[in-house]
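Report on the following structure.
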Amino acid sequence: MRCQDPRQCGQKLIRRQPLKPRKEPVIFLSRHLNIFHLVVLGVGSTLGVGVYIVVGEVALFVAGPAIIISFLVAALSSVLSGLCYAEFGTRIKWTSSAYRYSYISLGELWAFIAGWNLILSYVFATASVSKAWSYTFDGLIGNHISQALQRAFSQYMPDYLAKYPDFFALALVLLLTGALVLGARESLLVTRVFTGINVLVLIFIILSGFFKGDLHNWKLTEQDHTSITPGSGGISSLGPLGFGGFVPFGLDGILRGAAICFYALVGFDAIVTKEEEALNPRRSIPWSILITIFICFLAYSGVSAALTLMVPYYLIHPESPLPQAFLYIGWDIARYVVAVTTLCALTSRLQSIFFPIPQVIRDMASDGLLFRGLASVFAHTRTPIVAIMSSGNIAGLLALLFKFSDLVDLMSIVNLLVYSLVSFSVLVLRYQPEQTLSKKEEIDISKPEASPSEPVPEARTSRILKTLWFPTSTIPTLKSGQIVYGCTSLLVLLLTILSVILAQWPSQVFSGDPGLTTVAVLLLLLITGVTVIIWRQPKDPAPEYFKVPALPVLPLVSIFVNIYLMMLMTPRTWTQFGIWNAIGFLIYFGYGIRHSLAGKNHQQPPASTSQT
């Protein structure tokens, strides 16, 4: 399938799958999950490595005690993305994958980007959680493993990799991979039990911090930094003090911390996978997502407050912050309780993260976007063994060699991108006519429609402008769908430029620099104008599913916040992110675009019964 001209290539990139589910055996599930059940599932899928490890990393190096505000910003961003996920979950009932959402509403290229980065998200999450498990266990036994490995290998490890190869984390990933190959399944009972234990211990941590904490630790100065000596038990002075006080690293530290903390709030999308089992999903799905995010925010902010009150933020242990914090205040027994609970929570989180990876790979391979061999299923255990082995080996290699902070940063930037695509998809799909999502009616924004009845350019321009502001139909049409698709794409470009300016030169913009301030104002005017054009277009009137309120503003705000947080990530993270996606584009343009089933006689691949 070679492109004969640029327009043909463009059509291939935006070919889409139909909104209706493909032919498959209908499996009716009983609706028995209420809001409480869904919240338990969401909290169990969200609370994990973030509350036990990432809190220490961000407080120590990025935000200080103001990490509480970082979690608030991340939670607000998650709420916006969560509402968009809720609309897709109640509208497209036969899938819960961001990959499939993008394929339905945006087209093949965007679907590949979403799917490829979903794989990245799960793989790096698996590696980071296994590494956190290794850190916690090593701290529990006195750091003997890390000290021995560091003595033996640190001189051979380059600066851009970890200080030592983490063989323990590698073994953990390989063990999980082997279990999945043999047909192991995620246990909902284990998730519920561990979630209950997790919440109880977090409450204990928060109460302990408020009883044993010292408010002076939120008012530290440079004199405190030089006078306080490191405590015992491996707690040492790491990193600079910053400016001192509650916000030692300024507004930049808060926002940069929010970009990293976003990773800790990922997991609420597990609620969407239970749409077919939820009682009144139109109401229970969005409310469950909002309650889950609120509970997780309270947990993360409470633990952050307790940790920074118990220990001066620059003395926090980055690899085992909570157990070492209890050692710092002299509660040695509580240290072991927290460490064991951390291992339980990380074990539960590890299984919930790793299990969806093979299904995403299998879906993309079945659609022809990845190599077909990855979709093969082992008959005896009915598991996609090639997908499991390939993803497990990559995750194990990353856990072995990469720094934990790099894994967390990559997880954050990838999830911000995926959630932005979901918000983009909601905005585009709401304005499409019901039957324009088939192959015969793909959106073509590369070539404007010609009107033979209006040869005069001025008249044609006037008619186009009139159509933008005064649509001729009260329901979505192919033309209005084209307008929204093009305008939304333009808005993403404008929001990206604005985010770059605000992230890189904030002080110049707000201090009134003539050049940058003028550009920012012009961008805001253009964004407002294009948003009004989208707002004027007719929307899908179907009332049977949950709808994101305040369209098109809310999805656009979600996209802007996510892109802005992405722009705050370090050049190192962007480089690693770019390398991964460059590999993905090589696969897509070298293989996927030619083998995609969407481009072969309008055939559609068989739908998978598993949710991702």
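Backbone N, Cα and C define each Cβ position, glycine as well.
Per TrEMBL, the features are:
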DOMAIN    546-596  domain 'Cationic amino acid transporter C-terminal'
TRANSMEM  35-55  transmembrane segment
TRANSMEM  61-88  transmembrane segment
TRANSMEM  109-129  transmembrane segment
TRANSMEM  164-182  transmembrane segment
TRANSMEM  189-211  transmembrane segment
TRANSMEM  253-273  transmembrane segment
TRANSMEM  285-316  transmembrane segment
TRANSMEM  336-357  transmembrane segment
TRANSMEM  369-390  transmembrane segment
TRANSMEM  515-536  transmembrane segment
TRANSMEM  548-567  transmembrane segment
TRANSMEM  573-591  transmembrane segment
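The recorded stretches the transmembrane segment (253-273) and the transmembrane segment (369-390) do not share 3+ CB pairs below 8 A when only pairs 6 or more apart in sequence are counted, and are therefore not in contact.
Only residues 6 or more beyond the boundaries of the transmembrane segment (515-536), in the same chain, are considered here, and those with a CB under 8 A from a CB of the stretch are 427, 431, 468-471, 483-484, 487-488, 490-491, 494-495, 497-498, 501-502, 505, 508-509, 551-553, 556. Comparing 61-88, 109-129, 336-357, 548-567, 573-591 for CB pairs under 8 angstroms to the transmembrane segment (285-316), the maximum falls on 61-88. With Cβ pairs under 8 Å as the measure, the transmembrane segment (369-390) is packed most heavily against 164-182, out of 61-88, 109-129, 164-182, 336-357.
When Cβ-Cβ distances below 8 Å are used as the criterion, the transmembrane segment (164-182) is approached by residues 126-127, 130-131, 133-134, 137-138, 145-146, 149-150, 152-154, 157, 350-351, 354-355, 358, 378, 381, 383, 385, 388-389, 391-393, 395-397, 399-401 of the same chain, each at least six residues removed from its ends. Remote same-chain partners of the transmembrane segment (35-55), defined as residues 6 or more beyond its termini with a Cβ less than 8 Å from a stretch Cβ, comprise 67, 128-129, 132, 135-136, 188, 191-192, 194-195, 198-199, 202, 260-261, 263-268, 270-271, 274, 278, 284-285, 287-289, 291-293, 295-296, 299-300, 303-304, 307, 319-322, 342, 345-346, 348-349, 352, 404, 408. Taking residue pairs at least 6 apart in sequence, the transmembrane segment (109-129) and the transmembrane segment (189-211) share fewer than three C-beta contacts under 8 angstroms. Residues 13-14, 48-49, 97-103, 169, 173, 176, 266, 346, 349-350, 353-354, 356-357, 360-361, 363-364, 369, 391, 394-396, 398-399, 402, 404, 407-408, 410-411, 414-415, 417-418, 421, 424, 580-581, 584, 588, 592, 612 of the same chain sit 6 or more residues outside the transmembrane segment (109-129) yet have a Cβ under 8 Å from a Cβ within it. Residues in the domain 'Cationic amino acid transporter C-terminal' (546-596) partition by DSSP class (helix H, G, I; strand E, B; coil) as 40 helix, 0 strand, 11 coil.
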